[in-house]
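Database features, via TrEMBL:
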type	residues	note
TRANSMEM	B:46-66	transmembrane segment
TRANSMEM	B:87-109	transmembrane segment
TRANSMEM	B:115-137	transmembrane segment
TRANSMEM	B:144-170	transmembrane segment
TRANSMEM	B:190-208	transmembrane segment
TRANSMEM	B:220-240	transmembrane segment
TRANSMEM	B:269-291	transmembrane segment
TRANSMEM	B:303-321	transmembrane segment
TRANSMEM	B:333-351	transmembrane segment
Amino acid sequence: MTSVPRKWKELSESSDFVCYEHPTNNEPIFIGYFHSLIEPKVLHDHILGPLSNDSNLSFDDLYRSIPVGEKEIAFDWDTIQNKLLRGYVAIQYGLQPDQCMVVNAVASKGRSISAPEIEFTVEGPKEAFVESLDMNLNLIRKRVPFPELRVKELEVGELSKARVAVCYIKGLTNEQYLNTCIQRIADVQFDQITNITILQQMIEDNSNTIFPLTIGTERPDYAAWAVSSGQICVLMDGSPIAVFAPVNLGYFFITFEDYYLPWIVGSILRIIRMSSVLFSVFASPLYIAVMTYHGQGISNVFLPTIVSSRINVPFPPFVEVLILELVIELLREAGARLPTKIGQTIGIVGGIVLGTAAVEAALTSNFLLIIVALSALASFTTPIFRMSATIRLLRFPFIFSAQLGGLLGIFICTIAICAHLLRLTSLGMPYLVPYYPFRASDAYDTVIRPSYSKFHHRLSYFRSQRPVRVDKKQLNRKKDIDE
Amino acid sequence: MKAMEQARFTVSPYLVFPLVHSMQFGSEYLNMSIKPIQLAGHDTWISVILCGLCFHVVIWMVYRILNRNETDLIQIHRRFFGKWAGGGLNFIFIVYFLLHASLLLRLFIEIVQVWLFPDLATWLLASVLLLLVYYIVAGGFRVIVGICLFSLLRHLLIAAMLFTAGYFHFNNLSPVMDHSLNELLMAVKELAFPYVGVEILFFVYTFIKTPEKSEKWAHLANFVTTVSYLIVVLFSLLLFKFEQLSTQIWPQLTKYKFVRFPFIDRFEFVGASAQIFFVIPIICLCIWASSRAVKIMFAVKQRTVLPIFLILVFVAVSLIAGRNHIEAFQDLLSQIGFYMIFAYIPFVFLVDMVRVKAGRTV
Amino acid sequence: MSRIFLMLAVSCLLLTGCANQQILDRITLFIVCAFDEAQNDQIEITLATTRFQTGKPGSISNQLLSKVGHTSVGIIELMNTRMDKPLNAGKLSVVLIGTDLAAKGVRNELDMVLRDAQASRRMYLAVVDGNAKEVLRKNFSSDEEKGLYLYNLLDMNERNKLVPSQNLHEFGYAYLGKGMDPYLPMLQIKDDHIYIAGLALFKDDKYVAKLNEKQMRVMKLLKENVKHGALETKLNNGTYVAVEVIGSKVRFRIEKDTEGSNVSLNLRLKARIVDSKAVTLTRQMIKKIETSFEKDLIDSGTELIEKFQKEGIDPLGLGDFVRSKTRNWNEEEWKKEYSSLNVKIKVKMDIEETGITK
């Protein structure tokens, strides 16, 4: 092992780096690779095979005879090293050469494509992104077999050197958003980026907000839809999630399945989901406000029900709500950290036992128990995980302000949140678009998901270079009776 | 001549609608009918319409002045009256806006104190609300306009007044025109204050993309304000006997006592709390306009002026105690507002006309 | 930015100490309260406080609080010395007034409830024949809150039956308004039962006269449009027929002739026969029934108005109506005119259906 190139020696300090001299008659041939990264079959069949058949192959002949597409001739050590670390095999003639051949032999070990788990769908495709970037790109490109779909690859993290792919459609995606996005990824200053969610936080416009400003999805069909509507999709090797931006607040309450259902059904489900978000945020704060300050507003018929349920509860409504909300969060967190089956049991047992016991011990009223359980349930209808966490957290400032100022406190808090939302942008696009700035032409795909005959234009806030999706006249051609 | 802001700070012309409408429709509408009703009785609604028409004329004048000069009032003052006199006039406007913000804030706090929390300290709520105002104004003009747009949700509350329909007495309105024209015009003068707010156009003009196109939106805003006030006043007249109405300080809020849902018996706490949606946009716009005027006049950062102005408003609000003070303050401000709208704006309009004529002859 | 949120939070926390909390289960609510006259110009207030029971969605009110004093707020303040949870008037929905107090005037009591920002404007007022306190003493609703029972009693009768409706708002309207006088339902106690025995008529804020049940119904028909309620009449041959009103409209009209202006009340009734004592309903018979009703209503209506004119009160709001038709109406002149005003009543009855039998 003494005769390997000097720089290779440094690498061989790690025991999974293999390098040796291939016995030949002429110039020594050195072969080096990380055996943890490569597929031995490729090495044996395609590289060592030709070499052992004819050990006198020249550099160029060998390069030509290796039946692997991804191979190149590198001239500087940095490139060689990078390639080695990506599962290439390096072949070098002589000790101090000016050229070195690198051949891709990367082992594609990894999970195969499986059904989506977070964004489960009944009618949609049962494919989800996996950890391999190439496979993920394959999933997207299969759905957009369009020559203008461009993938720009970047590298992030000094240590992680993660491959990041930015997908967009040239001539459709707005250049300004694209440049912002690429610039932000290029500007990331962090050494170890292990998952795209870390990158996500770094490229968002504002890091001091609980609202997510980009969407991560595990569904290739959703990602393909996003790319074709003019958004930019970012993928990272090792992350089974595609992130797309720019997005607005409304996007977080849309599941892609809305688009697979008939439009009336899809719209109703969407409305239910959006109102459940409002319920989830406002239900327990309103309970506190009414119970603490505005009791005289409750109607005579309703009053006995609500009061007698908490007549023996020793805490003020505020503490009562806080206890129950924390219990629910606890159950959710415990359920999330445990294996699926135990998690479910904990959820059910904990929920039922704790709930009943808490009411019987007069720690909470059963009326509130219903409200809190319902609002927890409602918060889970939000399809995007980061948003549903936000919704759950958002409740707490409202709970506090309801305790402090009743309904007025809730209103003050609403205005403050609203002002905050107005300040947010996603890749420079206002977060509350199309409500503010209001765009009537974009109002079609917000609260309701209309029939596809209304989808003739791309949403104008994406500033797409190709605003027309389909010809409106053809789409909306009306037939006469009996025609 | 053009002195427009950078494109990314400007707003579309249609946003002039929420802007002007929010600026007009403050919580002074709650007791707008007390005084005019003493003069015009059950014919007050005619005065409401007349007043709205007058304001359409004023908006027309404002746009003539602005379109000709293509800049905001601060520059117009300097151009017309020179640096010192113009600066003085700007200063008056700054003071006016600060007073307006203080009055609105105090009116709102009074409502909260009477209708919700009797033992709430004025300074406490004032400081919370002014912090909120700081957060909004520091976000810039677009955020303020966004809040204006968002606050249009309050019109749902006007719809809630339909619950009173069962108690309407339509003969309260007849005989129509039982009062002389003079009385009606006097009532118009008393009614003018809730309409005041169109002067904000002088300050936001440079922030509007293609401001010439925004005139129709300003008129629409005034029209919607007029219709809303008409509904408010008509409903008050239909629901209350004239003698009863004169004893009510906030007849508008009393109306919410009639709203009934299966589980909610009364609504007045919602109505009283929701007044915040009427107040916050106005305070934000006033503070923004006045601090911007200072920024242009003295070339200081708006961010440094803003806290100073908020503290001034805070001090002013804390000094006003009780119904009598508030009423006196409101009377004073409504006088100033009236003369500003119906004397000063026509005056500037005439000066502008004269200047144009003079320019032509030279 | 986060700094601002922190400051917001801190100043909000300060707010806690300043807003007065009224946690619903830590206050004593009362739905009904009774006002009576006491000696030396004082009033006596009786409250039936609401007690909620654990676990059962219901409430009872078996505890009575009674106190004499000068102002109602002062009395309630003093009552707190007997309570474990502070009294809160926010849910007050029924106010009972004793006859003696009503005769002296209810201006002060009215002022209290109209001034209170928390008070409902749809609360019901009623005059009790005798002592209002006695009503609350009676055990007329064993399993229900007394206030709720009374509220529902008045609510149901005024909305769906022939009791002229008059809640706090309308009472204030008629009391403050010119050319009209208020009235209230009159409650009576009989063997542990409470019932609406008639109508108490007020002159300004003072109780002056009483109408019986039958007059009350006629008054309701003359005062407002109704959709429910039953009427009966005696035919010439002595049998009684009852109809259910399915819609009535009343229009006031000014008719001018040589002697001056008259007011006419045009009442149009639509009804259906519900009980005809086995009278065969031929077309002539129905016609006869209709005329009988019309005559009855005209007679009792005229009688009613004569009574009003004699007392100098105007519960129908004729003055207000004339004001709305006259320019520069003057209240003083009207009052002089009123006692001699010629009021005509015209009734037109249509029997539309006769049930499922002929």
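Cβ atoms here come from the backbone N, Cα and C positions, even for glycine.
Between the transmembrane segment (B:190-208) and the transmembrane segment (B:46-66), three or more CB pairs separated by 6 or more residues in sequence fall under 8 Å, so the two stretches touch. Only sequence-distant pairs (6 or more apart) were considered; of these, fewer than three Cβ pairs between the transmembrane segment (B:303-321) and the transmembrane segment (B:46-66) are under 8 A, so the stretches are not in contact. If you look at the transmembrane segment (B:87-109), the same-chain residues 6 or more away from its ends with a CB under 8 A from one of its CBs are 26-28, 30, 73-74, 77-78, 81, 120, 122, 125-126, 129-130, 199, 275-276, 278-279, 282-283, 286-287, 289-290, 293-294, 297, 309, 312-313, 316-317, 320, 326, 329-330, 333, 336-337, 340. Taking Cβ pairs closer than 8 Å, the transmembrane segment (B:115-137) reaches residues 105-106, 108-109, 143-144, 147, 250, 253, 268-269, 272-273, 276, 279-280, 283-284, 287-288, 291, 306-307, 310, 313-314, 317-318, 320-321 in its own chain, all 6 or more past its ends.
Highest Cβ contact count with the transmembrane segment (B:220-240) among the listed stretches B:46-66, B:144-170, B:269-291 falls to B:46-66 (criterion: pairs under 8 Å). Taking Cβ pairs closer than 8 Å, the transmembrane segment (B:144-170) reaches residues 11, 15, 18-19, 21-23, 136-137, 228, 231-232, 235, 238-239, 241, 255-256, 258-260, 267, 270-271, 274, 277-278, 280-281, 284-285, 288 in its own chain, all 6 or more past its ends.
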